[in-house]
């Protein structure tokens, strides 16, 4: 799709239009602080591109089952793997802990909204559970979720572990998309 955000991403050297969702959320809620950043579901790499620019005395770890279009530079590590795999989780833990976990991950879509939202829910819950293991106290978490009914459970889980919780639909989300983001700030209440 060649819309305003896709064209802007190309002009500004980002790998995907999705970066503008992260930029908008960060400008409103100041996600980045000192420390390590974990990007789950990093492919094609635009969230990682932006996160790398925002790093403050830490490392960026990008994780995905697919390769990403970024060169390996200082303080950047790419873990190719599935977050449901013990080996991948071990690598993530070895490089942590993290002050911020961001995720624009989405399951492979089928076109069946019920199936897609269910798969998104399961993936989101896994990302949250993993984040709870690797976040430092007062760390932040941003996760993409497909709306479909079960997202209230995700919101409640965020409320249980974070001082500040917000459901966000950035302007860069396509009109026909049912994706939203959940933000949790200040882990460990």
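Cβ atoms are placed via backbone N, Cα and C, with glycine included.
The S-adenosyl-L-methionine site recorded in Swiss-Prot comprises 45, 47, 64, 104 together with one of 82, 86, 129, namely 82. Residue 47 (S-adenosyl-L-methionine binding site) and residue 144 (active site, proton acceptor) have their C-alpha atoms 12 Å apart, to the nearest angstrom.
When the binding-site residues 47, 64, 82, 104 are compared by the number of other C-beta atoms lying within 10 angstroms of their own C-beta, 82 comes out lowest.
Cβ contacts within 10 Å of residue 144 (active site, proton acceptor), excluding its own Cβ and spanning all protein chains shown: 24.
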